[in-house]
Amino acid sequence: MGKKQEKKTAKGRLDKFYWLAKEQGYRSRAAFKLVQLNKKFNFLEKARCCIDLCAAPGGWLQVASKFMPANSLIVGVDLVPIKPIPRTITFAEDINSYKCRDQLRQILKDWKADIVIHDGAPNVGTAWVQDAYAQSELTLQSLRLAVEFLTAGGTFVTKVFRSKDYNNLLWVFNQLFKKVEATKPSSSRNVSAEIFVVCQGYKNPARIDPKFLDPRHVFKELDPASLADQDQEAGVPLSLKGTSAGNAHANVFEPKKIRRNREGYADGDYTLFHSLDAMDFIKGQDVIGMLGSYNQISFESDESKKLLSLPDTNDEMRENCSDLKVLGKKDFRNLMNWRKEVRLALGIDLPKSKHQDLAEQTQTVEVEEMDEDDQIDDELARLNEEAARKARKERRRKNELRQKKILKMQLQMTTPMDIGMDVMDDQLGAGNGDMFEISSGERVSKKALIQQADVSDDESETIVSSQHTDDDDPETRARRLDAEMDALYDEFKQKQSERDAKFRAKQARLQDAKNDSWHGIKDDEENDEDDDEANLSDESEGGYDLVQRRKEQEETFDTDDEEDEEDERLEREATQHSKKRKRDLAAPTADSFEMDAKPPKRSLVHSLVSDADVSAQQSREASIWFDNPLFKDLELDEQDAQEALEDDQDDEDAWEEEQDDEDDAEESDSEVEGEQEVEDDDFEVVPQDQEEHAIPDEEWDLNGEDEEAGKQKRIKDHGLATAEAVALAQALVNRQITKEDLMDQGFSKHNFVDKDGLPTWFLDDEQKHYKANIPITKEAIQALRERQRALDARPIKKVAEAKARKKMRTLRRLEKAQKKAETINENEDISEKEKSNTINKLLAKSVKGAQKKKEVQLVVAKGVNRGLKGRPKGTKGRYKMVDPRMKKELRAFKRKAKRDGKKLGSSNSKPRVPKGYGPRN
């Protein structure tokens, strides 16, 4: 068989880069051109903003997205839509339109592009000269768009076709960029005339002449006739036109710059040495052209010899005239000055006198008188010009400010100017000497409370008396600020409880008096006093509120100053009263609801919130209040119990999640010890003697027993779940530590830290994060990992069920075969040999039924297998040779059988009979 020919179309485009692009997922083979350019010049890794012009289908965008840093801005533009590419922004627009520029400005905002890449080409197919000019024009248009968005020092990469306009483009590139280099990557086909120009270091000029980027001026062809006229006017002979001497200015002022002669010599000019008579040099007009065109100034004529006798013609001038090609700038200037002096000496040029200069300066000019209309027109023109000048000046000033602002934003030097704007003047507490007053937050909360409920006269008097305290006393102000901070923190917790179920469940546990932290062993008298104080307080106060009330009661005051005691007493009463009022508003009773149902009283303060919103808010606050664990023991009817169960479902879920996430360390200690309960201070409360401190039955902590039993059951079912628990268990088992040692470790200096006078938010933060770290061992981590590996090695539920079903079916088949074997064995009509053979067949059939029947392998009879006799190469087991004809016939046979309603089988199948050979009717 002949070898399969590789597909080759479009001059071999299906090369290795084509297959590499398909393997790596690039949309075009042109992506490797940018990859190789970036490998050589390394411009993508340092860029943060990139613009791809003529980007379809998106190969260069994929490369830019791959090599540029993360969070870079990449924008692609093309006439046709581009399929989305990760980390890029694309849109379809013409790069010559103003709409394209506006859309780019909207996307870039204040950014400037670090790199602009262009790999576009126009529609070709006409004359080659026209296609080359269209490509050069497209490149110049992309450059015009690039200079608008490029930052200083940016890079511009473009594709250029080799043509006569290539040098003009390079000249423009060199004027705008510091470094311009043309290269042809290996991925570019050799038959293609494309080359790539990498322009680095954009100069960012202040202004660019529009003609500089206009194709009509950049690619303009010079007329040879006009060049000849210019050379004749300059005094350059035709014999020197086209030579290096023709560029006289370059030869005079840049003598080191060598210009090669690429156009040959003039007709009839067989020498390279040209001499100029001195008198012709003196009388000529184009001095620079003559100095750059000729090699020597001779004094051979009679008129020229007279010049040698002049005093200005010294030996230095004669030496300079002998060879003009070796002179420098200073020598050429000396020759030009010598020419001026000789022209004055010969009378060709007349010197200007002082009287002539004065006459020229004082020359009078007759001014015609202007009529009234002309004066009005001149005045209007002057005013318009002045207004235009002022407008230009203002526009220039705004542009400068805008440029400075953009520069600051690019350098990240901006300062947010709206700091403090959200605080109103009435909240700044003007007149009390402080710039920021925390009392403003309390005033806002009080205003909201006034809108929700009418405050009684005695309450308002208490609030006013608490506000008008002596601000001059720093201690009083500090205590007042602490009280205000606590009030704001309580308001924050209330709002957080409305939003977050986890936070609400956590606060419910903290409010529970049973979860109060241990503060040491006290005497019976102190305990009795604490019990009396607890009975006097609100029943809703839990362990955390007890801490707050104890902190307020244990404050030390100045007993010498009676006024301070009075102020502090009023302040405490105001704080307690405000807390009580908040609880009353948060937990509306039946009386309060009845009061709300009555017509509202007339007041000077009117709420802007509707009654529906107020009722919804009160219902939310009521639901939060009844979520307290104290209400869970109340007897409810069936409907109320069902509603309470639905409301508390979220809280229970949140409590379980938080307990699993945050209290792993505490659970580990309790899991190891069994009956040991580890709190934030990590030690166990040791019970006292039963005779001295007997606990009544009604005060026994049943919830604690349930919690411990639940922990023990969880440990028994699932084992230890944390590394700390495993480490402590290993230490106990290996006799490295005893239970008494663990109890002793629970007593530390942290258990008796004085927390009086500390703010509530600080105590909450300490309770959450201030915990003792339990050391873990490498063996504990290894044990947990081994356990996790064992759990991971177990099959999933579906696989296990499938294996169980397969095993069950096998057992059923064996059981069925065993019953048949017993029946055969009980039959006395057959011999033992026949019984044995029949039983063996039954067992083999039952086992064979469990095995999967091998499918017949189909081999297509084409290619190397066409006309093959014997087993095809590479096939094992049963096989069947098929061909397209057989496939079509089988499909037709099935279709016909389905139409006739027949079942496929050997009885229905009939042999094929050629047409014309069947039986005649």
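For all residues, glycine too, the Cβ spot is worked out from N, Cα and C.
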Margin query: Among Asp15, Asp94, Asp102, which residue does Swiss-Prot annotate as binding S-adenosyl-L-methionine at the site that also has Gly58, Trp60, Asp78, Asp119?
Written below: Asp94
Notebook entry, point to check: Sequence-remote contacts (6 or more beyond its ends) of the region 'Disordered' (814-835), Cβ cut-off under 8 Å?
Noted result: 842-843, 845-846
Margin query: What whole-number Å value do you get for the CA-CA distance of Lys159 (active site, proton acceptor) and Asp119 (S-adenosyl-L-methionine binding site)?
Written below: 5
Next item on the list: Mind checking which residues of the chain, 6+ beyond the ends of the compositional bias 'Basic residues' (868-879), have their Cβ under 8 Å from one of its Cβ atoms?
Entry: 854-859, 861
Margin query: By the count of other Cβ atoms within 10 Å, pick out the sparsest of the binding-site residues Asp78, Asp94, Asp119.
Written below: Asp94
Item checked: Rounded mean pLDDT for the residues that make up the coiled coil (796-835) -> 89
Notebook entry, point to check: Under 8 Å Cβ-Cβ from Gly58 (S-adenosyl-L-methionine binding site), six or more apart in the same chain: what's there?
Noted result: Arg27, Ser28, Gly76, Ile82, Lys83, Ile85, Thr88, Thr90
Item checked: Helix, strand and coil totals (DSSP H, G, I; E, B; other) for the compositional bias 'Basic and acidic residues' (814-823) -> 10 helix, 0 strand, 0 coil
Next item on the list: Mind telling me which of the recorded positions Trp60, Lys159 has the densest Cβ neighbourhood, counting other Cβ atoms within 10 Å?
Entry: Trp60
Note to self: When DSSP is mapped onto helix/strand/coil, what comes out for Asp78 (S-adenosyl-L-methionine binding site)?
What the structure shows: strand
